[in-house]
Every structure is written in structure tokens, then in C-alpha cells.
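What TrEMBL records for 674-699 is compositional bias 'Basic and acidic residues'. Annotation comment: TrEMBL describes 668-713 as region 'Disordered'. What TrEMBL lists as transmembrane segment is 48-69, 81-100, 120-145, 157-177, 197-216, 276-294, 328-345, 357-378, 570-590, 602-622, 634-655.
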Amino acid sequence: NNDATIFGYPLSIFFIVVNEFCERFSYYGMRAVLVLYFKYFLKWDEDFATTIYHTFVALCYLTPILGAIVADSWLGKFKTIVYLSIVYTVGQVVMAISAIQDITDTNKDGTPDNMTLHVALSMLGLFLIALGTGGIKPCVAAFGGDQFEDHQEKQRSTFFSIFYLSINAGSLISTLITPILRAQTCGIHIQQECYPLAFGVPAALMVVALIVFIVGSPMYIRNPPQGNIIVKVCKCIGFAVKNRFRHRSSQYPKRDHWMDWAEEKYDKLLIAQVKMALKVLFLYIPLPMFWALFDQQGSRWTFQATTMNGNFGAITIQPDQMQTVNPILILILVPVMDTLIYPLIAKCFNFTPLRRITVGMFLAALAFVAAALLQIQIDKTLPDFPSSTESQVKFINMVNRDLQIQADNKTISLKGFGANEDYLTFHNQFTLVLESGQQNTINLANGTRNTIAIIQGSKLGFEKFDDMTSKPEKGENAIRVLNGFGSDLNVTVRDKVFNFTSNMSEYLSVSHGKAEFMIKDNRESCVYTQELGFGSSYTLIIPSTFTFGEMNIKAVMDMKPNSVHMAWQIIQYFLMTTGEVVFSVTGLEFSYSQAPSNMKSVLQAGWLLTVAVGNIIVLIVAEAATLNDQWAEYILFASLLVLVCIIFAIMAYFYTYTDPTKIEAQFDEMEPEEKEKRKNFDMPRKGSAESHKEDRRSSDSSSDDECTKQTKI
């Protein structure tokens, strides 16, 4: 029943609000963990993961135009939402399936054996999601607005506030929850990070969104498709361009505006409206650069967080959870800006919408400067890994006394069961001289890190082991055990078993916090405790003098833990979110105030297009810029935005604000002769009476399209 109401609101809108909350939860929840899925599950490098991520986001903001045209010209909003939600749901389910490593892990080693299948499923899932989320984006809010009668203007306004609140709530909650789900472990054969769960819960929410929306279908008011204004505007512009080109000769009189060349076929009112829309769309040209920086919160900034310390007291923050800072700050900053900041600034000078947009762009550039400064500090704490023409060596003394050895011209003093603090750099090979004077030539592979353990047999000898040449991923800690006890030992930590291929075990990945290592032989056992940070690497030495009672185990730090705290990212998130509030909210308000009554959707489509183009810019820069340092890329983006900001400020200086209502009022009554003129399509030529017949013929050949009428949205 369409008349069913609750508190004066149509009952149908509650189904729409719940649907939107679930859909936004589904989208933002999946997107929050996406780049980490690319890097750690599909094993892509950060540049390629960033490229695919921004390609997906760009597609999500290109498809709304398609969805709007399909809804307005063919299926109607309800059917478009239902059909594309089904596509969307299938996409989310496919993404969840693509993340199950066990479906191709035939040898049960925890690594998919057919990665091509996982990549193909992921790309199919993302394409369907982009088609679904983008296609329904312009329909749901408008469909909600359709549920209100003309006398319910106040309720309609409140609905939109609740609607956008549900968007932010879905975004905030999902960005908090899905990283936690990702951090869980699951798997049939090998327990790993649970991406199927992180994608599966958003898929389940999308199923709920679809069911809720369909359940409310008997109550909906469904307006039939009435044609899409975007299509009409494009036809009008196309006709003006074609007509101007056809009459480009100097013998035809000039017109005040190139859109005036559409007068022979289209209403002057529509042409005036198109002119106003184009005037605003022209200002949109520099705006994509803002989104190029803004959307890197989900890619580059998330990768940056993986090299930082996420310990907030008793709470551990996952790198992808830092994205929640944005929606939290939005909820705080929007009312603060409207009620406090803008009124204070207004007392000093006229803070026009275009000035606000310019400031928003500048704040986003400052956010990337802050990200660059933070990256420089992070880089100082990262290990200095060997280049492709050198290798590094660390020495461990497994003898129960101090030793002094020589490696080429370097003299190294080693305490009993100790190691030198830093890695030493060599090229290809070096000569190792032990205390006895015996010389050993050690061959090294370029670009590697190595540990050489000095051991005591009948005489001093050594063993060489390969070390890690990259930081442990996702803030995990790489731990291995060097057994000098002289007999077999079983060592476990958090139910993980160290596998000894020789005296040295393989690396195990251990999360931060207190790690308890259970050490056992055939008769005794004991527990050694080591406090672990984020991103460190240790070699635990079990010496020959080891006893189960004394626990005299030595921990050699191969890589220091991440020392820069994730909280420092809040500075750049604050600057970026402040920029977003000033830029995005103001931009939409400005667009609506300057748009004709029937062109709101055209400018909304143009606004979404700037987001898509911004993500395409990231693809171009990420692929074209050959910068070795991440901080340099941040500075490059900041510099580009400052340059664009200056260009926009110049464009804004020459922009004249208009009142579309007044302009439209001038065209309320169209002259009858104007209609006759469009029918006749006479194009006078300077000094020529012969031109009329020719121009009528050209008019007849292009009069297939109907005369466009004003559409009220």
C-alpha cells in the first residue's frame, strides 16, 4: 500500500534507507581491504596493486552515467536498482570465492596452485561490483525522493539527511569491521588471513540489501521512465556543433555563443539551460586532480600504514582500519564548519563557494606534503637493504667465549653467543679469517643478506644461511631459531612449529605482542617469552650451554621493529578530510545553486566523472613516474595539485555567479515565431538569396530527432 506512513513518512523509505546502509557497508567494507588482498594474496607489487585499485574506483564512478540513462530512458528506477543489485551481489560473491586459497591448493601448502583462476575471478567480481554499485548510485536517492508527495517537502528534506547519514554509517562501520575480519585466520589446510570472510560479510550484506529492497516493492511509488536529460543535453550540444560546422563559412553571421547554433531545432530555454550547465562543467575541468589525491587514502596511504606501529595500548589498529579516520572526521567536521568556522570567516571576508573549493584543493596538497614528511621519517627506520651489486653479512658467534675474526680488512669482535650489531657490506665474495689463522673464501650472491654462524667442532668452522631481504609484511615479525644445543629440539610458538632444515630453522611469521616459545626435547620442556613489536626480525640462539631451567636463550635482532606510530597519519587524514569537507560539500552546493532546474542530474554526472578521471590520473602518474622514493611521489602529486589549484583560482576569478531561476523566468513564454523558425530552419547567408533552399534541404535531412522540451526533475 503506497499510502502506508509512519510518523508522517512513507513506510517505503525505511526499506530504501536500510538498503542503502547495507549497500554502502558492502562497498566500503570490500574496498577497505582490497589493496592488501592484491598485495598479499594475489602477490602483486604495490604499484600494480595501486593501478588496479584506482582502475576499479574509476569504473565505479563512470557507470553511474550508464545507470541513470538506463533508468530514465528504459527500465525505470525500481527495475534498474533490482537488476543491477543482482549483478552487484553476484560480483561480491565471486570476490569472496576468489579469495579462498583452498579451491586451487592441491598440494595443501597454503599457496594457491592456480593463481590465474583467482585473478580472473577477482577481476570478474570487481567488474560486476563496479557495474552494480555505479549503476544504482544515481537511482536510489532519487527513487527515495519519488516516494514523497508534493505536500511532504519537509519530510523529503529530512529523508535525504537520514539517507546520507546511512551512507556514512555504513562506510564507518564496515571500514572498522572488515579489517578485523581480514586479520582472522581461516583455511582448510593452512590457516591464513581470512580474506574470504572479509569479502563474504559484505557479500552477505548485499544479499540483505537486495532482499530488503524487494520486500518493500508493494509500497513503492514508481514513476515511469520519462527520458534522460543527459541524453537530451548531449543531443542538443551535438546538434549545435554539427550545425556550426556546417555553416562555418564567413558568409554566415556570427552568433553570441556557439550553443546558439542549436536554435533551429531546440527551445531557447533548453539552450540557455545548457549554457548555464556548461559554464559550471567548464569549472570542473581542474577538479579531478583533487580526487587523484583523495582516493589514495585507500591505496598508497594504506600501504604506508603497513610499515608503521599500530599499537594503541590494549588495541591494535590494522593498516586498513586507518581509513576509518576519514568518515569519523567527516561526521565531526561538517557541523563544525557550518556552525563555527564559516560564520567566523564570513566576518572577516566573503568566503565564496569557489574560494572554498580552492582552499579545499590546497588542504589536500598539504595532506600529501604531510604524508611525504611522514614517509621520510619511516624511511629512516627501514633497513638499508643491499643493492643489486652488493650483499650483506651478519656474523653470529656460537662459541662460548669471545672471538675476534677478520672479513677482508674488517676486524669483528664477537661476544660469546653474540652477534655484530649491523650487517656488513661486501661485493661477490670476501675472505674470512678465523682465530686459528685459517682462511675461507665466502662467495655471496648479489642483492642478498646472509648470516654466518661461527661454530665449534674439532676446530672453528662456519655455516652460511640466507636472511630476509624485505620487511616482514603487514607488521608481522619474522622469527627463526638457531639450534646450537647439539641435539634435536621441538620449538613452537602460538601453535606454529619451527621447521629445521639444518641447525637453522625456516622463518615463521608471528604477530606482535608477547610471544611464548615452547621448547621441548624427549624429556623436558620450557617456555621462553619474547615481546614482539611490528615488522621486526629475530634470530633466537639456543646455545650449547642451554639448560631448560635457566632459559639462557639469546635473541639477535636482524631488523628493528617499526618505530613510527600510525597515529602520525591522523595529521594527513585531518588535512585531507578538512579539504574534502570544504571541497566536496561546497562543490555540490555550488553546482546545485548554479544549475538550471532540470540540469541537476547533468551536473551530478559531471561531478562523478571528475572522481573517475581523478583515479585515472593516479594510474597515469603511478605508471609514468619512475620515482624510487615514495615520498617523492607524494610531493609530485602535491605539486601537481598546487599547480591545478592556481589554474582553478584564475578560472574562478573570472567566473560570474548567475541565478538560474531568473534566467529561466525570462523564457516562460516563448514567442510563436521562434517555434515557426525552428520548423522552417532558415539560415540566412550574408548577401545571398539563394541560400534559403539549400539550408532548408540541410534542415530536412537532420530533423529526425524530436524537438527537446523542458524536463523538470
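In case you wondered, yes, glycine gets a Cβ from its N, Cα and C as well.
Using the rule of three or more Cβ pairs under 8 Å, pairs at least 6 apart in sequence, the transmembrane segment (276-294) is in contact with the transmembrane segment (602-622). Counting only same-chain residues 6+ beyond the ends of the transmembrane segment (157-177), those with a CB under 8 A from a CB of the stretch are 9, 13, 16-18, 20-26, 28-29, 32, 141, 144-145, 148, 201-202, 205, 320-321, 323-324, 327-328, 330-331.
Note: the stretches the transmembrane segment (197-216) and the transmembrane segment (634-655) are not in contact (fewer than 3 CB pairs below 8 A, sequence gap of 6 or more). Nonlocal intrachain contacts for the transmembrane segment (48-69), taken as residues 6+ away from its ends with a CB within less than 8 angstroms of a stretch CB, comprise 27, 31, 34-35, 38-39, 42, 80, 84, 126-127, 129-131, 133-139, 228, 230-231, 295-296, 298-300, 303, 601, 605, 608-609, 611-613, 615-616, 618-619, 622-623. Counting same-chain residues at least six beyond the ends of the transmembrane segment (81-100), those with a Cβ under 8 angstroms from any Cβ of the stretch are 23, 26, 30, 37, 41, 67, 71, 75, 118-119, 121-122, 124-133, 135-136, 139-140, 143, 195-196, 198-200, 202-203, 206-207, 209-210, 213-214.
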